[in-house]
Amino acid sequence: MNAAVFSPSALSLPISFSKTRSSFLSRKKGVKGEFRVFAVFGDESGLVEKKSQWRPLFDVEDPRSKAPPYKGKFLDVNQAIEVARFDIQYLDWRARQDLLTIMILHDKVVDVLNPLAREYKSIGTVKKELAGLQEELSKAHQQVHISEARVSTALDKLAHMEELVNDRLLPGRVVTELDKPSSSTTASAVELDREKTNTGAKSLNVSGPVPPYSPHLKNFWYPVAFTADLKHDTMVPIECFEQPWVIFRGEDGKPGCVRNTCAHRACPLDLGTVNEGRIQCPYHGWEYSTDGECKKMPSTKLLKVKIKSLPCLEQEGMIWIWPGDEPPAPILPSLQPPSGFLIHAELVMDLPVEHGLLLDNLLDLAHAPFTHTSTFAKGWSVPSLVKFLTPTSGLQGYWDPYPIDMEFKPPCIVLSTIGISKPGKLEGKSTQQCATHLHQLHVCLPSSKNKTRLLYRMSLDFAPILKNLPFMEHLWRHFAEQVLNEDLRLVLGQQERMLNGANIWNLPVAYDKLGVRYRLWRNAVDRGDDKLPFSG
């Protein structure tokens, strides 16, 4: 990669703030550009304190004092990526400040329109104040759109730089290591087995190459896409249990799922188009309905041809398929957030991890203060004891001392509700005792032996204004990717060791209870047991 010279990033324009502390909004022009930015301080009227329920979103340290010291220097690859990542960190903070400004301006408008306040003001004064606030809001919204563009550009830039680095420095490494594992047991695995024998601890055996999927694991309904991602003229290609499928809407608007391979010459159908509820192959124009039947063969006689299709349903904003051979279960599980929550983000990502390993990670919270030190667990203390409290026969419970409820919902779903009144402070509160909450849905669809399609949905029971701000989709995706990246480097390391023979469940302890129960459930499914554990 060519060397680069660092100059103050166009994405991180310097911003001036008023040094005086007041309850009003201070404005100064940035050193560059003609747009205005806003700083918010609050001692007198307590506006910031008034929004304490939103503090988790805005309690982020100003990162500008930690800018990389590379101004005017030639950069190597790692330094260039460090600068790009700093841009992302700065934009994260900047976007939060823009949002807080709009929220406080909105409250000031409400205060001006308050009938009690108007009793002491003339109509002219009220009009003047509203006109001023309207101007402030207009400029603040303009800044939000600028932030949105910056976020998009910064994320694209970082992704491009990381792709270049991977191409230049890491060609084929991951594929070689993960796709061609050694079947022999490593020395470290032998040591772990010896330690297990000495301690007498009970372990699960999860080691070696990922075995073929049990047909019994396929006999469940699997969520594969969000309704919002499947328009009438779009397709969603997926991989499920190492088979390619494509989802699209039929003429009646209902979703269907067919094998993503044309019966004629095996061309991927998702490269084509959807015409009047039929998917058209881009090679010779053959068209298929949602049940897999070929309805059109241009330039030749229509033959009776059908490709494989799967049962496919739509419920509560999600698309589901049944990939198994048994008749589909008559009822789909509900994955809706609890009453009072509003969905703010729905994201889909493909991750290079076996889906069971990813579920192990999501069902474990004890790792948070050690792994997520730069995201949601920043500042968390390490408790002397972490416990997961659950019914004897359940796959759900709550974490002590964390205010978090969690549930594993077969076959591959994790639901969690997190109390976020005071992030970074552990006070032993239960989820119910917290005033504000984050609800998360994680779906870990088994794409292939070393690949997972992750569906993530985030809901809040506060700050509904965030739903309508234009840049929030980028911001939520950035947050989710930050957290996942902290996990992935560890889980990929586990996967490499596992493929080489190490047992990743060699020595479970008390706080591993939910993960162990998932593995016991999974083993019973793979065996084809009539009665599954923790199911009643």
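Cβ from N, Cα, C; glycine included.
Annotated range for coiled coil in Swiss-Prot, selecting from 39-66, 123-150, 179-206: 123-150. Other than Asp360, Asp364, His367, His372, the residues of this chain whose Cβ falls within 8 Å of the Cβ centroid of the Fe cation site are, in sequence order, Asn361, Leu362, Leu363, Leu365, Ala366, Ala368, Thr371, Asp487, Leu490.
Apart from Cys262, His264, Cys281, His284, the residues listed for [2Fe-2S] cluster, the same chain places the Cβ atoms of Ala263, Arg265, Cys267, Tyr283, Gly285, Trp286 within 8 Å of the centroid of those Cβ atoms. On the backbone, the CA of Cys262 ([2Fe-2S] cluster binding site) and the CA of Asp360 (Fe cation binding site) stand 37 Å apart. Cβ-based crowding with a 10 Å cutoff singles out Asp360 as the top-ranked of the binding-site residues Asp360, Asp364.
Confidence over the coiled coil (123-150), given as mean pLDDT on the 0 to 100 scale, stands at 74.
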